[in-house]
Amino acid sequence: MAFKIASSPHVRKDSQTSAVMQRVILAALPGLAVQCYFFGWGTFIQVCVAIATALAAEALVLKLRNRPISPTLMDQSAVLTALLIGVAIPPLAPWYLVVIGTVFAIVMVKQLYGGLGQNLFNPAMAAYVLLLVSFPVLMTTWAAPSTLAQSSAGILDAIDVIFSAQGAADFALGIDGVSMATPLDTLKTDLSMGLTADESLKRAIFGGGSTGEGWFWVNLAYLCGGLFLLATKTIRWHISGGLIGALFVCSLFGFGASPDTHASPLFNLFSGATMLAAFFIATDPVTAATSPRGRLLFGAMIGVLIYLIRTFGGYPDGVAFAVLLANLCAPLIDYYIKPRAYGHRGSL
């Protein structure tokens, strides 16, 4: 009898890229739904435009490279990138912002480096930074939460603002009663004007609590989605735990040392894109460290950078910059923190 000798692995597990992407997209849907509830249909429209742009851009690049189109589009990595860009952009921002950002993410950051698995930076965060430095006013003017808006904007109103030139011009100037700064931006501005954190938190945008109106529930929804990813073993805990833990510890020290000039740990954890970053952005396996201890350090680095940028930097939310800086350090982390050889105990 002839025996066939095959190389390892001898036991295989079905973990196709498309299945992983589907689970991540599914886990992000509660956060998307809560964002739409508080900030209107604009978020949903931005996501739809981003997805259509991502698929078209990737198909065009693949055709130019003489690569098969259908298998690459079916892995849904472009859809996930587009989803992350769509939820990160202000809901009523002009349509060309999401188109520019998505094309840059897919063409320049992903395909120019060789496609899926070859990119050095997180495509969604690279696109966000490009838009932030190119259109700072548009990217920092968010729709007012539905609980604070003077009037409720329907889907047709959102389409009119996003796609019409007049609506885009009005949005750039700030539509009275419809658009406003984010809680992070409001707190940062108030602190620079000499107000205490406690005085700033009394503004209507904070909803009378310790977090921004609506943003607590958005972050809680992304946290629930992240727990689903952990439960299904789609992601491992190291990066998320390192990020949340480091941000909590830094916030605790800052708040304990000077509560008048520093936000509380609860505010930092449930404001901005903290939970989205912890479970859906920083955990990108392509641009993160690979070893367990390396991933823990990678996540902690992002958490510390988020806190430093939010507290001392020029931007209210430092998630995108923190992730990109950590992406740069990922190869260095892998070089110095190597996984234990198989058979050793004590690895994380």
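Cβ coordinates are placed from backbone N, Cα and C, and glycine is handled just like the others.
Swiss-Prot tags one of the stretches 158-178, 263-283 as transmembrane segment, and that stretch is 263-283. Count of Cβ pairs under 8 Å against the transmembrane segment (211-231): among 25-45, 68-88, 237-257, 296-316, 317-337, the largest is for 25-45. Among the stretches 68-88, 237-257, 296-316, 317-337, the one making the largest number of Cβ pairs under 8 Å with the transmembrane segment (25-45) is 68-88.
Non-local neighbours of the transmembrane segment (68-88) in the same chain are 16-18, 21-22, 24-25, 28, 31-32, 35, 43, 46-51, 53-55, 57-59, 62, 98, 101-102, 105-106, 110, 115-116, 123-124, 127-128, 273, 276, 280-281, 320; each lies 6+ residues outside the stretch with a CB under 8 Å from one of its CB atoms.
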